Amino acid sequence: MKLGVNIDHVATLRNARGTSYPDPLKAAEIAIDAGADFITVHLREDRRHIRDEDVFNLKKSISTELNLEIAATEEMLEIAKKVKPYSISIVPEKREELTTEGGLDIVNMHSKLSSIIEEMHSSSIKVSLFIDPNIDQLKYLEKLGTKPDIIEIHTGDYCDNPSEKKLQLITNAAEYVNKLGIECHAGHGITYKHAKKMTRIPHISALNIGHYLISEAVFYGLHSVVKTMKMTMSN
């Protein structure tokens, strides 16, 4: 199973004092050296952490794939076409939220998402959609004219209040995505404890983890924390 390390909150720390450090690029390089399979960043509309120049620097400099999380806006799609990351992940976004609060509403967005997927594919960019583990939402993937390359299942509800029922919803969602012939990832709120559970779910091929890793890195160092997470996922 692959590990995608989200380095947004390295930029949060930098921006808190308006300094040039800590550098997200350096964090990405350390994470990759420790075993990260790809790097994820979320370029939010308000630029509260990652900035445009961070994204361009990462694309130019890192040795692994770059996954760019963005809202489904024209501004962000144009930036994606200029950066040309390995993949983009379309996420819902509200300015007042502290973090992404849920998955996309595929039911009401399937027409718009179809055109976005086609547009990105024409620029050789893979597309991931961030979706709750809700089969009623996932069924609408079949209405998309062009399939996304990846579905990332939102694990926040499970990670905030774990239960076997919620874990089963994620398992069922991953199985459904696999039957559609789409790669399945998972992310949001994952810790070491949750990662152990996620690795037992068939069909999930990657985890995206950010806030927890950066938080643990304050005490134990980023290299050590990423390495430990990779070992946790391997075991």
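The backbone N, Cα and C atoms fix where each Cβ goes, and this holds for glycine too.
Quick look at what Swiss-Prot lists:
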{"type": "BINDING", "residues": "Asn6, Arg17, Gly189, Gly210, His211", "note": "3-amino-2-oxopropyl phosphate binding site"}
{"type": "BINDING", "residues": "Asp8, His9, Arg44, His49, Thr99", "note": "1-deoxy-D-xylulose 5-phosphate binding site"}
{"type": "ACT_SITE", "residues": "His42", "note": "active site, proton acceptor"}
{"type": "ACT_SITE", "residues": "Glu69", "note": "active site, proton acceptor"}
{"type": "SITE", "residues": "Glu152", "note": "site 'Transition state stabilizer'"}
{"type": "ACT_SITE", "residues": "His188", "note": "active site, proton donor"}
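Taking the recorded positions Asp8, Glu152 in turn, the residue surrounded by the fewest other Cβ atoms inside 10 Å of its Cβ turns out to be Asp8. Shown are the recorded positions Arg44, His49, His188, His211; the one with the most C-beta atoms within 10 angstroms of its own C-beta is His188. Just so you know, the Cβ of Arg17 (3-amino-2-oxopropyl phosphate binding site) picks up 8 other Cβ atoms within 10 Å once every protein chain is counted. The closest partner of His188 (active site, proton donor) among the recorded positions, by CA position, is Glu152; the full candidate set was Arg17, Arg44, Glu152. For the pair Arg17 (3-amino-2-oxopropyl phosphate binding site) and His9 (1-deoxy-D-xylulose 5-phosphate binding site), the C-alpha distance works out to 13 angstrom. Rounded to a whole number, the distance between the Cα atoms of His42 (active site, proton acceptor) and Asn6 (3-amino-2-oxopropyl phosphate binding site) is 8 Å. The recorded positions listed here (Asp8, His9, Arg44, His49, Glu69, Glu152) include Asp8, His9 as those with a Cα within 10 A of the Cα of Gly210 (3-amino-2-oxopropyl phosphate binding site). The Cβ of Gly189 (3-amino-2-oxopropyl phosphate binding site) lies under 8 Å from the Cβ of Thr155, Gly156, Tyr158, Cys159, Asp160, His211, Tyr212, each on the same chain and at least six residues away in sequence.
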